[in-house]
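Down below is the structure, laid out as structure tokens.
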Amino acid sequence: MRIEPIIQGVVARSAHPFGCEAAIKKQIAFVKKAPQISQGPKRVLILGASSGFGLAARIALTFGGAQADTIGVSFERGPSEKGTGSAGWYNNVFFKREAEKEGRIAINIVGDAFASETRTQVIEAIETYFEGEVDLVIYSLATGMRPIPNQPGEFWRSVIKPFGQTVTGASLDLEHDRWIDTTLESATEEEALHTIKVMGGEDWESWIDTLINAESIAQGCQTIAFSYVGPEITHPIYLDGTLGRAKIDLHQTSHSLNLKLANFDGAAYATVCKALVTKASVFIPALSPYLLALYRVMKDEKCHEGCIEQMQRLFATKLYGQDHISVDGERLVRMDDWELAPHIQNKVNQILEEMDANNFQVIGDYQGFKNEFLQLNGFGFDEVDYSQDIDLQTILKLTP
């Protein structure tokens, strides 16, 4: 069978196994040539390891100088007679293959990170492969819902809405290359609460508590989770909306976890990353035009970073091998420093003032935006022959 990209709106319905392999190899090649991570962690647990920042962190820590062994948790779908499976499934497969070639331990646990059974599996894997302790825990779950404990079949569901106001902005339909004006109504208090439950810090803290209780935290263990703040132009839909409330909760959680890990001479940080095309970010209405302008400007200025560049720089220049960890006044590690530089934002704002449905593909980096989205799912790589038929039985044997 031939695997073609299938996009519905902003959702990819297909993934190319060997395109995903190409993506993994490309990221590995980058981190091997980049400034290396020194004094890095050796035993790392990544919650949400199969795409985006979680996957990039895993690649950076394994191949970018630290030579870390990793346990990755993700909720992915394998190939079947009905479909190709998810990109994350193949990312897990090919990451493990490449890591093991270099003698690294790479354990994939495919399961619901919210489920108690998954936690039990993780603790057992730490005992078996890591001599019972971890040096770094990365929390990078991106999901729209979370099961309510002790209420089978009931979920908290996050929403992406402004708070206290109606916001009008544009979304991009990647399927038809269209600009769609959208209006978002204000969230209710209940919607905001649900979003905090799904995307805030409660589950992160619960995981760390589980690891502490299992005596799985090594001396000096750190934990990080990823956040976004953005410039003022994005605040109505992001920082001042339901997502922002959840991220503020995440930031506050980092402080309480920092106190808990102080008992192990460790620390906890929320890491503010730059705006990027990820499976999650393309869902945020009104953020896409900003991304088009930002990509254009940062590429022109030769300071554009994707997930892998961000993660390698984070571990090589901010979190490890430094006399002290540089944080802002709120104890946040800022990886959005290049994005928020005044000269970058001034140029972004100039483009946004002119951008509309007629010219967004010309004055913004729409081609780069869409290609990055396709590459998340294994498409758009020059080195892959997409005309080649793929035998279903071959990919059914690819297990993480």
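Just so it is clear, glycine is given a Cβ too, placed from its N, Cα and C backbone atoms.
What you see is a predicted model, and the numbers here were worked out from it, not measured in a lab.
Per Swiss-Prot, the feature active site, proton donor maps to Tyr238; the stated evidence is sequence analysis. Residues near Tyr238 (active site, proton donor) in space but far in sequence (CB under 8 A, at least 6 apart, same chain), listed by position: Tyr228, Val229, Gly230, Gly244, Ile284, Leu287.
Listed in sequence order, the residues of the same chain lying 6 or more apart from Ser50 (NAD(+) binding site) and placing their CB within less than 8 Å of its CB are Gly72, Ser74, Glu76, Ser86, Ala87, Gly88, Trp89, Asn91, Asn92. For 48-53, 75-76, 112-113, 141-142, Lys247, 276-278, the entry in Swiss-Prot reads NAD(+) binding site, with the evidence type sequence analysis.
Tyr228 (substrate binding site) counts 23 other C-beta atoms within 10 Å of its own C-beta, drawing on all protein chains shown. In the three-state DSSP scheme, Tyr228 (substrate binding site) is classed as coil. For Tyr228, the entry in Swiss-Prot reads substrate binding site.
The site 'Plays an important role in discriminating NADH against NADPH' annotation in Swiss-Prot covers Glu76. A 10 Å cutoff on Cβ-Cβ distances gives Glu76 (site 'Plays an important role in discriminating NADH against NADPH') a total of 21 other Cβ atoms nearby, all chains included.
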Taking the Cβ of Gly48 (NAD(+) binding site) as the centre, how many other Cβ atoms fall within a 10 Å radius?
25
